[in-house]
Amino acid sequence: MVGHMRVGILALQGAFREHAQTLGRLGVETRLVRRPAELEEIEALVIPGGESTTIGRLLFEFSLVDKLLAKAKEGLPVFGTCAGMVLMAREIEGIEQRTLGLMDITVRRNAFGRQVESFEADLQIPVLGDKPFRGVFIRAPFVTRVGAGVEVLAEFEGKPVLVRQGKLLACAFHPELTNDLRLHRYFLEEVAKA
Ligand code: GLN
């Protein structure tokens, strides 16, 4: 149990149900977010994986961007996974694609190349302890530049795949597709309460 907290999950497209299940197992209340007003009712937000171009387009169409940026500025903790990481990045390498620009990072989309579009790998994530974390990578991005205020919490083959900037956390893989609750717990207990 991580204590009482209401966590929103952006539910425009992608793996939002899986995040809701994972967070439910941690005993927190979840709320699917599709409208600006719903951002007022939550104490943290998860942006799931999926297709960043689609989620990004719907964010603008559903008029969620201004409110989301305002809440983040007020200190709303945000955890982005895969496409969520892409949307949180300030820049995407080589592409003009609108993002939320919350984190001072540059990402490369579909960065692990065609032959290995999807794979799993054991990751060492020191903030989660010694036991490796199974990283499920699905057409995943990686980070190619980190700004001064950004901590790299895990790398895979020398590429940052888990980064933190204050109350913002982003990973290139899909923790909601494993039974390992440690990264969601870390977000709620350490990042959100920082
Ligand atoms: N390749 C996708 C994108 O850039 C992300 C894939 C995912 O979220 N699993 O939008």
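Cβ coordinates are placed from backbone N, Cα and C, and glycine is handled just like the others.
Annotated L-glutamine-binding residues in TrEMBL are Gly50, Glu51, Ser52, Ile138, Arg139, and among Arg108, Arg109, Arg164 the one listed with them is Arg109. Excluding Gly50, Glu51, Ser52, Arg109, Ile138, Arg139, which define the L-glutamine site, the same chain contributes Gly14, Gly49, Cys82, Ala83, Val86, Asn110, Ala140, Pro141 within 8 Å (Cβ to the Cβ centroid), listed in sequence order. Among the listed recorded positions, namely Cys82, Ile138, the Cβ with the most fellow Cβ atoms inside 10 Å is that of Cys82. Fewest other C-beta atoms within 10 angstroms, among the recorded positions Glu51, Glu176, are seen around Glu51.
Sequence-distant contacts of Arg139 (L-glutamine binding site), defined by Cβ-Cβ distance under 8 angstroms and a gap of at least six in the same chain, are Asn110, Phe112, Glu117, Ser118.
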